[in-house]
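S.K.: What TrEMBL shows for this protein is this:
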type	residues	note
ACT_SITE	H411	active site
ACT_SITE	D463	active site
ACT_SITE	E472	active site
DOMAIN	528-608	domain 'Carbohydrate binding'
SIGNAL	1-22	signal peptide
Amino acid sequence: MEKFASVAALLLLLLCFPVAFSGHDYGQALSKSLLFFEAQRSGVLPRNQRVTWRSHSGLTDGKSSGVNLVGGYYDAGDNVKFGLPMAFTVTMMAWSVIEYGNQLQANGELGNSIDAIKWGTDYFIKAHPEPNVLYGEVGDGNTDHYCWQRPEEMTTDRKAYRIDPSNPGSDLAGETAAAMAAASIVFRRSNPVYSRLLLTHAYQLFDFADKYRGKYDSSITVAQKYYRSVSGYNDELLWAAAWLYQASSNQFYLDYLGRNGDAMGGTGWSMTEFGWDVKYAGVQTLVAKFLMQGKAGRHAPVFRKFQEKADSFMCSLLGKSSRNIQKTPGGLIFRQRWNNMQFVTSASFLTTVYSDYLTSSRSNLRCAAGNVAPSQLLSFAKSQVDYILGDNPRATSYMVGYGNNFPQRVHHRGSSIVSVKVDRTFVTCRGGYATWFSRKGSDPNLLTGAIVGGPDAYDNFADRRDNYEQTEPATYNNAPLLGVLARLSSGHSGYSQFLPVVPAPVVRRPMPIRRPKVTTPVRASGPVAIFQKITSSWVSKGRTYYRYSTTVINKSSRPLKSLNLSIKNLYGPIWGLSRSGNSFGLPSWMHLLPSGKSLEFVYIHSTTPANIAVSSYTLV
């Protein structure tokens, strides 16, 4: 009888604490998942690159268009850089750090997570050379898919495609704005200068997306076959506004959500999916958070409708709605045959954060079947992650390299072809298909951490390289999982999601004119000091322009000549300096800048100050 009572007590304990006891090592899965992003890197790989079978690639990207587009991520098993899913990937990685930075740090993976985000945002800065220009794709899916080559030696077309006022793409610009805004929160403490730069790009991209409206795949038509924007752009505009509010506390963006929630579908669509195309469930989750935090103000009635839709999404996942989401017999969310796992990881992230939001606000989930405790949402997310890691009818881990039984023949060019560091024999476009794609053996390079497309509606899975629907991985499969794995690895440790991991944001620009903040203290480079200020501003055709006055002071005891200034992020005319290429120097009439004297130059543009630094000088 005592033995029976002990067993009963243990079963009761397991039922009460489903996350604390698990057969899976979530910390190990988290570490492996981050390695996948290193395998997807394009550009010049850093010295601390841990996926050593990869090497530099895409080193001339953007050159034919006169822009540097080296870097970023390949989206999946091919060698194209698609801007929309890449931006969503970065947004979700940043959201994971914002919510679960402490847990990532406890697992020793916060630094690697931040590096993964910065690899994307560094590329987006390059891809956004002007306020109303954004490069949204490098390479062409049609020609790329005709070849099976390593990224290090691809011979396919690397044309760059862009959006601009004449060829708009509000969905692409909006998602990239969301990524930059979310990332700016991540870097606020560790790299405040970089954080402010990202937020500036986010402001510009949102303005571009909102003013010049249109679907990006109508401008970048080569993306239609691969990443068609079925949902349109309203969800991305709301998504970007939500992230800009979270990053800046700027009332303008909260008002934007309140004014446009009904008209743009934020309060009308009851969603059954969340991913790189459809952002409504993500918007509804974020706005519900703002409401729970007491930030809604006069928009509370509209924000409550956002929350009702967020509740509806969560209830449908739990099977407690009038319109429930389909699941496989083994319990996995099933949305579509091709890369179904993207919806599993994204939904798992939303249920995880929503569970913590509700717990922090001491609320329950309201479903048609009755109120549901927040812990059920976290348990649901755990069930999906456990399925991915091997708790399924096939006992297969759908994370490459995790467990004893995982996919061996991944639909991925880089992993399926012997590393260029091992065999430098050139792999031709079609020869790659004949020699490597058609191989029955395991991949020569382990694509550690990759989440593949996953099983069908009946839990069936075929581990074949040509079965791209099930064996191809994608960055946007892994990105939402970072936060979920970090959260699950912490068990039931108590903390409030309404206490941010990074310092509270600061309002930087008053409304309705979001005036850039100029740092007035002097910046010195040796004997040369520089400071800037706004001397005037005006509005033309709905855009605010600023006149910046910049003073350069010679603080040394000797005259200065051959001064060269580097000026970055300049988007307008400049007066008072001579220009040679990308370098600026003393005006033609001034051969020397005497000791203790200064010169002034001015420029005009419609954003925050340009980045001005001293490149070189000579004292005489």
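Numbering starts at 1 and runs along the chain as displayed.
Note that Cβ sites are derived from N, Cα and C of the backbone, with glycine treated the same way.
What you see is a predicted model, and the numbers here were worked out from it, not measured in a lab.
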S.K.: In whole Å, note down how far the CA of H411 (active site) lies from the CA of D463 (active site).
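M.R.: So the Cα of H411 (active site) lies 9 Å away from that of D463 (active site).
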S.K.: Tell me, what is the mean pLDDT of the domain 'Carbohydrate binding' (528-608)?
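M.R.: Averaged over the domain 'Carbohydrate binding' (528-608), per-residue pLDDT gives 78.
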S.K.: Where E472 (active site) and H411 (active site) are concerned, what is their Cα separation in Å, rounded?
M.R.: 5
S.K.: Among the active-site residues D463, E472, which residue has the fewest other Cβ atoms within 10 Å of its own Cβ?
M.R.: D463
S.K.: Using DSSP, how many residues in the domain 'Carbohydrate binding' (528-608) fall into helix, strand and coil?
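M.R.: Taking each residue of the domain 'Carbohydrate binding' (528-608) in turn, the totals are 0 helix, 51 strand, 30 coil.
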S.K.: Name, in the order they occur in the sequence, the residues of the same chain whose CB lies under 8 A from the CB of H411 (active site) and which sit 6 or more residues away.
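M.R.: Within the chain, H411 (active site) has Cβ neighbours under 8 Å at G77, V452, R465, D466, N467, Y468, T471, E472, P473.
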